[in-house]
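Q: Let me begin by handing over the structure; questions about it come next.
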Amino acid sequence: EFILLGLSDTRELQVVFFTFFFLAYAMVLLGNLLIIVTFRTDPKLSSPMYFLLCNLSFIDICFTCVTSPRMLVDLLAQRKAIAFEDCIAQLFFLHFVGASEMFLLTVMAYDRYAAICKPLHYTAIMSRPVCWVLVSACWAGGFLHSIVQMLLTVQLPFCGPNTIDSYFCDVPTVIRLACTDTYVTEWLVVSNSGLISLVCFLMLVTSYTFILVTIRVRFTEEHWKALSTCASHVMVVTLFFVPCIFVYLRPFSNFPFNKHICVINTVFSPVMNPLIYTLRNNEVKASMWKLWKRCR
């Protein structure tokens, strides 16, 4: 088994963290469930953009359920132990859902690029069958990525220290505990996780750059709304990708693991996604209001 040190060993801070993270966890679950129900019950919200947003909400629920429940339990526990099998399972699902979200965010940026820069061809480019293929590819890519991460980790021998200075199991923290030279394994992980994070982020930035160029050339009120939306999307994408690039795009043994930066990725990003991507949309808010009145 491994011992998780958590975010703090001070009892008062643990209670504060538990309260804050429990509220964040509840917001993610309730907010994203509300979004999914709204999209599923309103026929008007059936465009490719809303289809992708619905999938993003589902991924956010899965992502926060990988780390948050365990973290909340450990914040109130005296001994924060996790079995080796549970640790590897958490690592697997963390990368499975996390990589799937990276790919989906990239697809969503491409969807906005097609809608703004190629409006006449948008319905052909982002038809419903194409959307299903893209979403399926995101999940398949996340699964393949996660399998590689798990196989690189599980084949290592563990016979020494078993203390993980974090609140969850991840490749960088587990690899440090191996009783062998992990230089090659570290670079294989960097070339997988690190490059995926960097390439997806650069593709997102490129997509939004093309959108901004298009808006600058033919600026209208609709394009002003698109600019506002893209700016908020870039902010959330940066919150999600920069910690991943910082953690995975470097050798693990040469740099300390910063568990507090991971809080941005595992807690703040799932909270921000429904607020930025969905609840700023007037059409979605109107549909939620109609749903509320029907349920009363």
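Yeah, the Cβs are placed from backbone N, Cα and C, and that goes for glycine too.
Grabbed the feature section from TrEMBL, which reads as follows:
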| type | residues | note |
| --- | --- | --- |
| DOMAIN | 31-277 | domain 'G-protein coupled receptors family 1 profile' |
| TRANSMEM | 15-37 | transmembrane segment |
| TRANSMEM | 49-72 | transmembrane segment |
| TRANSMEM | 92-110 | transmembrane segment |
| TRANSMEM | 130-152 | transmembrane segment |
| TRANSMEM | 195-215 | transmembrane segment |
| TRANSMEM | 227-249 | transmembrane segment |
Q: Report yes or no: does the transmembrane segment (92-110) come within contact of the transmembrane segment (195-215), defined as 3 or more CB pairs under 8 Å with a sequence separation of 6 or more?
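A: They do touch: at least three Cβ pairs between the two stretches lie under 8 Å.
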Q: Could you tell me the mean pLDDT the prediction assigns to the domain 'G-protein coupled receptors family 1 profile' (31-277)?
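A: Mean pLDDT across the domain 'G-protein coupled receptors family 1 profile' (31-277) comes out at 85.
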Q: Looking only at the recorded stretches 15-37, 195-215, 227-249, which one has the largest tally of CB-CB distances under 8 Å to the transmembrane segment (49-72)?
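A: Selected stretch: 15-37, with the most Cβ pairs under 8 Å.
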Q: Could you tell me what the rest of the chain brings near the transmembrane segment (195-215), counting residues at least six beyond its ends with Cβ under 8 Å?
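A: Tertiary neighbours of the transmembrane segment (195-215) are 99, 102-103, 105-106, 109-110, 112-113, 116-117, 145, 223-224, 226-227, 230, 233-234, 237, 241-242, 244-245, 248-249.
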